Amino acid sequence: MISISPKALAPGSDKAIEKKLDLTNLTPEQVALDINKLNLFYGKKQALNNITMSIPKGQVTAFIGPSGCGKSTLLRSINRMNDLVDNCHISGEINLHGSNIYDKHVDVAELRRKVGMVFQRPNPFPKTIYENVVYGLRIMGENNRRRLDEAAEQSLRSAALWNEVKDRLHESALGLSGGQQQRLVIARAIAIQPEVLLLDEPTSALDPISTLTIEELINDLKKQFTVVIVTHNMQQAARVSDQTAFMYMGDLIEYSDTNTLFTTPLKKKTEDYITGRYG
């Protein structure tokens, strides 16, 4: 495990001079997601223990922690992907702009339109680049070619991919490099204009250059969406996030602005993890 140098977040850096939010006292207008006393079980095994936190709008929030700590489970709870797991049950609430996503009347398909997700490995469909991007729009019933064309271009531009593929939109997406495929998947996710974008270790299968491109993209995406990212890479969390949550064995140990968590953590477990004493 590599420790984080405080110099990376020293005063004068972009991350250090950004205005900090009081995460314990956000106004309703500042909150995208409000998680309240969330518990999740796989059968009798408890994977999340009474998680309570608020995730701000228009910022990047990172979940970090050792393997098996619950960070990906928490991420998947935000768009109810855990519903697909046998014998999984949940108590507590996750409120998206004030509405509990676990209310029995919630349309889960509509929820997943509002809360998009990108996984560890790029998963383009065996279709053209264009059809990958507009896939969700077609599912929603959009068939107007002009609107589809506009959405495809806008989404590919937002994903920093347009200039690389604009002359081969009707070629197979499977011919793209790994980094390009991951940006294509991000373009597909944002084409339907979600409110929140979930990224589950989006660069773990990519080379360093592609990783840097995705990290720069994340910084741009928060201008349009609320972004929540799971990462094993603490340097990445320090680079891309505005606030960071450290999890351990299903518990939320510490949650604060990223600069504070990596330079002056309040909890001994957090300090031990970020300095490489375990994990």
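Every residue, even glycine, has its Cβ placed from backbone N, Cα and C.
The shown structure was predicted, so the numbers you read here are calculated from the model rather than taken from an experiment.
Copied over from Swiss-Prot:
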- Gly65, Pro66, Ser67, Gly68, Cys69, Gly70, Lys71, Ser72: ATP binding site (BINDING)
- 33-274: domain 'ABC transporter' (DOMAIN)
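Positions of Swiss-Prot features highlighted on the structure.
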residue: Gly65; record: ATP binding site; Cβ within 10 Å: 27
residue: Pro66; record: ATP binding site; Cβ within 10 Å: 15
residue: Ser67; record: ATP binding site; Cβ within 10 Å: 8
residue: Gly68; record: ATP binding site; Cβ within 10 Å: 13
residue: Cys69; record: ATP binding site; Cβ within 10 Å: 23
residue: Gly70; record: ATP binding site; Cβ within 10 Å: 22
residue: Lys71; record: ATP binding site; Cβ within 10 Å: 27
residue: Ser72; record: ATP binding site; Cβ within 10 Å: 22
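On the 0 to 100 pLDDT scale, the domain 'ABC transporter' (33-274) averages 95 in the predicted structure.
Secondary structure from DSSP puts Cys69 (ATP binding site) in coil.
The ATP site is defined by Gly65, Pro66, Ser67, Gly68, Cys69, Gly70, Lys71, Ser72, and by the 8 Å test on Cβ atoms against their centroid, the other residues of the chain that qualify are Thr73, Met247, Tyr248.
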